[in-house]
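What follows is a set of notes on a single structure, which appears directly below.
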Amino acid sequence: MERGNHTSVSEFILLGLSSQLERQELIFGLFFVMYLVAAAGNLLIILAVGSDSHLHTPMYFFLSNLSLVDFCFISATVPKMLMNIQMQIQSISYGGCLAQIYFCILLANMDNFLLTAMAYDRYVAICHPLHYSIMMSLQICALMLGSSWLIANFHSLLHTLLMARLEFCASNVTPYFFCDLIPLLQLSCSNTQLNQLMILLVGGLIILIPFLGILVSYIHIVSAVLKVPSAQGKQKAFSTCGSHLTVVILFYGTITGVYLSPSSSHSAEKDSPASVMYMVVTPMLNPFMYCLRNKDIKGALRKLLSLKALFCR
């Protein structure tokens, strides 16, 4: 296609999850409640961990960071979608779209790395309890967190800059509720082979390597727990990993289906529910999964809420 036929795109149209007015009202109510629940749940975990000195351990350090990332993750897309429904508009600026891409990739990567760090923490606690304080020292935890942010920023910046070089022709309409890589690549009239290659190679490695780390950690954990003679000891060890394992399955199952499947298999009907799962449902469920199975978090939350009630009197 000749360059003269190209048009400059100043905004994109997000069709959202439904074009019917009745459904949009239902979607608004549902997503508004999910956002409030996710925000309250994740912020409560951050406050609970910060206010209780007994929870100033590597496990809860990573959990509070995961809650912060999940709060930011859901805040990167849902408020804009709610505003569009409320104001009966569907547009997002070109710059706003690139910003959404950057933050969504950044925060998804951080979810990925933090889940891996938490798996490693459980591996060290169960398989090497005598060396836990050395292997999970404050310096090592800070290094793991800092390197995660650095790699996540590099990866999100790479895809954002590659997206910014593309040109868009006839259509600027995407049948999704936020700006995502795959749908925008399908709208571009430029050559997107480099973008798709980077998604498969760099994105694949960033998802695969941490996932393999989690898998290896759990293989060692299961092997160590099976050697524990008492049934009570086994149950206690597995209970500390159950909630984390549930989150891992939910996160990797949906994000792999969206980004690492062949481009020919992508469609709004299949990808939208998966996107809602890992961008909205998972951040909302994470606080419940960790709180319901964790006595320490529940105890810290009770203290926090009782303190709040005391100040409100």
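Start at 1 and count along the chain as shown; that gives each residue its number.
Every residue gets a Cβ built from N, Cα and C, even glycine.
Marked as domain 'G-protein coupled receptors family 1 profile' by TrEMBL: 41-290.
Look at TrEMBL and you will find 26-47 (among others) tagged as transmembrane segment.
What TrEMBL records for 59-79 (among others) is transmembrane segment.
What TrEMBL lists as transmembrane segment is 91-110 (among others). Within the chain carrying the transmembrane segment (91-110), a Cβ under 8 angstroms from the stretch's Cβ atoms is held by residues 9-14, 65, 69, 72-73, 76-77, 80, 84, 148-149, 151-153, 155-157, 159-160, 163-164, 178-181, 184, 206, 255, 278-279, all 6 or more beyond its ends.
TrEMBL lists 130-152 (among others) with the feature transmembrane segment. Remote same-chain residues near the transmembrane segment (130-152) are listed as 58, 61-62, 65, 105-107, 109-110, 113-114, 117, 120-121, 124, 206 (criterion: CB distance under 8 Å, separation of at least six residues from the stretch ends).
Summarising the annotation, TrEMBL assigns transmembrane segment to 164-185 (among others).
Residues or ranges marked as transmembrane segment by TrEMBL: 197-226 (among others).
Per TrEMBL, the feature transmembrane segment maps to 238-260 (among others).
The annotation transmembrane segment is assigned in TrEMBL to 272-292 (among others). Same-chain neighbours of the transmembrane segment (272-292): 17, 31, 34-35, 37-38, 41-42, 44-45, 63, 66-67, 70-71, 73-74, 77-78, 104, 108, 175-178, 180, 243-244, 246-247, 250-251, 254-255, 257-258, 298, 301, counting only residues six or more beyond its ends whose CB sits under 8 Å from a CB of the stretch.
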Most Cβ pairs under 8 Å with the transmembrane segment (26-47), selected from 59-79, 164-185, 197-226: 59-79
